[in-house]
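One structure is given here, and the rest of the page talks about it.
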Amino acid sequence: VVDRTLRAPCNILIGACALCDVIHQLGHFPQNWQIYLGGTLDSLSCSVIMVCGFLPVLGVAAGTMSVLCIGIDRFLSIAAPTTYRNMSTAAYLTVCFLYTFCIIIFVSLHEIDYLSRRDGICNIPQVYHGNAIRIWTMFAFILNLTALIFYIVTWRLIRSKDNLARIFRTILLVTIFDIGGWALTCIVVAMTNSVPRPVHKRFCYNCFAGIFVNFGVAVKCFVYYFTR
């Protein structure tokens, strides 16, 4: 808002991704409240809180797609700089946000389709029941793998150019922390929910899985602003 030089499509996408990360982090409050005060919550009530209240489930979905959009944006800016500079920013961002909205709808429909009533500690994985958790984790893994491919291709394009060393460093760090965190979380969640487990054990494994993506989210502050 203040700096006019930070109004390029990439900067706007980074801001949108940061907003999604904030919404994602709101999902920790219901579970922390239950952990420290005790008690469980019905899965339907948990879904209403996570989707319609704090919106963290939608933040996760939109944040995952934002990471991919940023990767595609960086690739286009390096691979086709003239086309990138001349394209309509409004149309370009509209396409990105439209795809993000489609991902949100996809996640919401699967959550509703597989919803079953059960009690537990309310956290983000808790709103996915049955095959929904496996479908979403695999889909999120594919999105992050696609983003990784774009980052690797961009990295190869710029690694030999000295004047782009700063961008190279930023892309390398984003690849390691952000995409790596999402990928590890998706893998652990998918493995945890691939076999039947008691509710309390599944909750512990899901909390462990969240460490990777939350660490990546926290590190992004330093990556984007200290490598700028």
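Glycine residues also receive a Cβ, built from the backbone N, Cα and C atoms like all the rest.
A TrEMBL annotation is a machine prediction, not a hand-curated record.
Now, the feature entries from TrEMBL:
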type     : residues : note
DOMAIN   : 1-158    : domain 'G-protein coupled receptors family 1 profile'
TRANSMEM : 48-70    : transmembrane segment
TRANSMEM : 90-109   : transmembrane segment
TRANSMEM : 135-158  : transmembrane segment
TRANSMEM : 170-191  : transmembrane segment
TRANSMEM : 203-226  : transmembrane segment
Long-range Cβ neighbours of the transmembrane segment (203-226) (under 8 Å; 6 or more residues past either end): 14, 18, 21, 24-25, 120-121, 123-126, 170, 173-174, 177-182, 184-185, 188-189, 192, 197
Integer mean pLDDT for the domain 'G-protein coupled receptors family 1 profile' (1-158): 83
